[in-house]
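Some notes on the structure that comes next.
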Amino acid sequence: MATTVQLSDQSLRQLETLAIHTAHLIQPHGLVVVLQEPDLTISQISANCTGILGRSPEDLLGRTLGEVFDSFQIDPIQSRLTAGQISSLNPSKLWARVMGDDFVIFDGVFHRNSDGLLVCELEPAYTSDNLPFLGFYHMANAALNRLRQQANLRDFYDVIVEEVRRMTGFDRVMLYRFDENNHGDVIAEDKRDDMEPYLGLHYPESDIPQPARRLFIHNPIRVIPDVYGVAVPLTPAVNPSTNRAVDLTESILRSAYHCHLTYLKNMGVGASLTISLIKDGHLWGLIACHHQTPKVIPFELRKACEFFGRVVFSNISAQEDTETFDYRVQLAEHEAVLLDKMTTAADFVEGLTNHPDRLLGLTGSQGAAICFGEKLILVGETPDEKAVQYLLQWLENREVQDVFFTSSLSQIYPDAVNFKSVASGLLAIPIARHNFLLWFRPEVLQTVNWGGDPNHAYEATQEDGKIELHPRQSFDLWKEIVRLQSLPWQSVEIQSALALKKAIVNLILRQAEELAQLARNLERSNADLKKFAYIASHDLQEPLNQVSNYVQLLEMRYSEALDEDAKDFIDFAVTGVSLMQTLIDDILTYAKVDTQYAQLTFTDVQEVVDKALANLKQRIEESGAEIEVGSMPAVMADQIQLMQVFQNLIANGIKFAGDKSPKIKIWGDRQEDAWVFAVQDNGIGIDPQFFERIFVIFQRLHTRDEYKGTGMGLAICKKIIEGHQGQIWLESNPGEGSTFYFSIPIGN
């Protein structure tokens, strides 16, 4: 005895893995024959052959099709099969003698399944009650002509169901469309007046599970003439060639899954006809026809309905495109404006944020977020910045490729409940790693009318340890208030977002190429300048030395003949030459910093400071400077360049002491992943407004009469420290001395 048990998610997942295409059961009104080629030997046949042909399966198995039907009927079929013209066979009119002089005429349809087996399906040929053979197609064309006269989709849908019902004579015809959650929605209906309406009702995804949907794509027309007919097995159940059940995916007569038959019975349906509406390889919807009693559908009428369905859906697509055209034009205008603004702005982020109405209008959103580099900019109605940061981390973990969108974010990201009023819907496009554009939509409360309680679409019973699913028995109106959902994202909105992504990526690539070309040009120019500076420095040294030597020789040889003014002039010349030599030496040093890679070695900084102090010994003694050096670490650095930095900073501390006796402190501290060194003096100090200027080559804050120098010392220091992947900065105020800091990364 079967007992009712609690329905679990695992039980429902059975619906997603059903192998209904290999069930070896067929509908009882026709015959299925599996044939072995080339002789068309019968290897399997449905067990109802006894009632239809008057011959048992045992009698027919192993015989050829030509022995069942006259050979003059089968020979042309074999010829076409040999020629690869199987589609031209369908349908083939075949007749067979059943008893005495009685004959049965069949519509024969042939196909090869996934295993390459030839399957022949035979249905008794029926004539329509009120139409000749070719009348079906004339009727379909008349229906299409009426459809072409409709101005909008709503009327178009209504005419579809009216015409299909007129063509088929079914009690009820519904146009059934799947939404973004795969639930079904009855968007049009034509029925007998005494029947309860289903128009506007929703049906849960489990009513038509994925295996069934895949079969609807393979079988654009599906007929069940008698819901109460007892399914018939194939004999034998396993094909002798493949040793497994026959794949009946393409079969017309394949029996429906027992759950679906129970579902139809619970709805009071005796016969059904289903026409698939397929768009871009996906099941867009169905034209579902129901009759309260069994109903035979002639083969010709089915083909006319299939033809009608294909043409109708091409018209639905065209109508949908027409009705969304104005909206697409509006979105395209937003996109064009944004592209223009991004191109002319300093960067694309500025181009987007300066025109929030365009950015939001592009996808019909109320809020947006731009995450690019270190920037996170919120536009319109959005979650707070911290919530958006967490959401971005979640998106990165999902490894979104092109686009991510949902109208119910909280179902997959529970924290979204906290900001449902602004972001129940999310559309996200990754621009590059760690960079996203997000659009948000608020929660919109909706009332959905279901055909029965969607939370109890199935019941489960258990018998002998086996769980069976049974569809619900009630299809009464069941209202649900849907929360935590936004309006769904339309396809044109998603395409607009992707178009913007493409524009941004192209813009970034173009700017990157321009920057790369600029960098190449700068590198070439810098190389030329460095080469010029290096050569010029060497070439200028010799004539300057000659000038200095000859001027000093002139003073020595003719000193007695020179008056005081002449001696002063000679001193000025010697001093000028000396200054020029110092400047050339500094230029040469600056050029070497760029042209020679730092020779990193494990360096004792204490020894480096001692060498710098030794080089400055004379200046220290002359100025009476007090030098205090703290404990120093060892680092990876270029010893000579590091000595130049300390020597320049100490020399500046002595030079810019003003009227005071110089006091200089030197120390080093470990800070996170770097050593930070400091040189502190008690000199004249520097106004903070000049902090950047002093590191620029040839920039001076004082005249040469006040303080001697070339204005290159700090520029050289900056170049050296940056070559070590470090930074240099200072703290100072006028009259309060200066402290220069520079960092060298640990493990440099």
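Glycine too: its Cβ is placed from the backbone N, Cα and C atoms.
In Swiss-Prot, the feature phosphohistidine is assigned, of His24, His218, His538, to His538; the remaining candidates carry no such note in the record.
Note on the region 'Chromophore binding domain' (87-510): its mean pLDDT in the predicted model is 81. All protein chains considered, the CB of Cys259 (tetrapyrrole binding site) has 21 other CB atoms within 10 Å.
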